[in-house]
Amino acid sequence: MADDIGDLMFQAIERGDYNTVEHYVNTYSLNHCAAWDDGYALLKHSLEKGQREISMFLLKDNLKLNPYFDPFFGFNEDKTPLHIAIEKYDMEIIQKLLDKGANVNIRDANYKTPLYFAVCNKDMELIQMLLDKGAEVNKQIYYDSSCTNYLNIAVQTKHIHVVQMLLDKGAYVNGCDTNSKTPLHFAVQNNNMEMVQMLLDNGAYVNSCDTNGKTPLQIAVQNN
């Protein structure tokens, strides 16, 4: 019986049958069957299928918002509900997820965090929302086949206001990527003098060597 109800619930979500979903939630608990995963799987399914009204209804309940995380193997979720909401750019649902306890620093299967997507998209409003909820500004992430940090990405994408926001929140100005390149390396390479000055004003080292033995100062001399 539990399996039958479980399947029927997913089918109701997929076709956007709000009344049936409401009936099952009110009749059975969110831990009615393992497949519902305390509501986590239901919410994820409704978000993936674009069933916003059902997603908002589910978020009224006390449901599970974060997947199980194994300290050795991580988790194999492609995307969490928070990642999906960010992908769909639904700010109301993003805020509700964060307010109800969604992990703001959680990674997807590709080790991407919510803040990663916000920084890459140069989305000031979303960045601020995530930072206000405790997003870690110095977390190591993957970008363009390299292990790096948010400040490096912001410099590479040439968004000075995002760079300033991250610095104001304590981003390490000399944090480097896999190739030992710092934000100043990228700012100099881009010949972005305003960005260079901002980083220098915040304590950037001009003599930090990357894996090719090049410092920002040497790159600046070569560029000129």
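Note that Cβ sites are derived from N, Cα and C of the backbone, with glycine treated the same way.
TrEMBL labels come from automatic prediction, so no person has curated them.
On the 0 to 100 pLDDT scale, the repeat 'ANK' (77-109) averages 93 in the predicted structure. Annotated repeat 'ANK' per TrEMBL: 77-109 (among others), in sequence order.
Residues annotated as repeat 'ANK' in TrEMBL: 110-142 (among others). Taking Cβ pairs closer than 8 Å, the repeat 'ANK' (110-142) reaches residues 82-83, 86-87, 91, 94-95, 98, 104, 148-151, 153-154, 157, 159, 161-162, 165-166, 169-172, 175 in its own chain, all 6 or more past its ends.
What TrEMBL records for 151-178 (among others) is repeat 'ANK'.
Sequence-distant contacts of the repeat 'ANK' (179-211), counting only residues of its own chain at least 6 positions beyond either end whose CB sits under 8 Å from a CB of the stretch, comprise 146, 151-152, 154-156, 158, 160, 163-164, 167, 173, 217, 219-220, 223. Sequence annotations record features per position, and here TrEMBL assigns repeat 'ANK' to 179-211 (among others).
The repeat 'ANK' (77-109): residue composition by secondary structure is 16 helix, 0 strand, 17 coil, according to DSSP.
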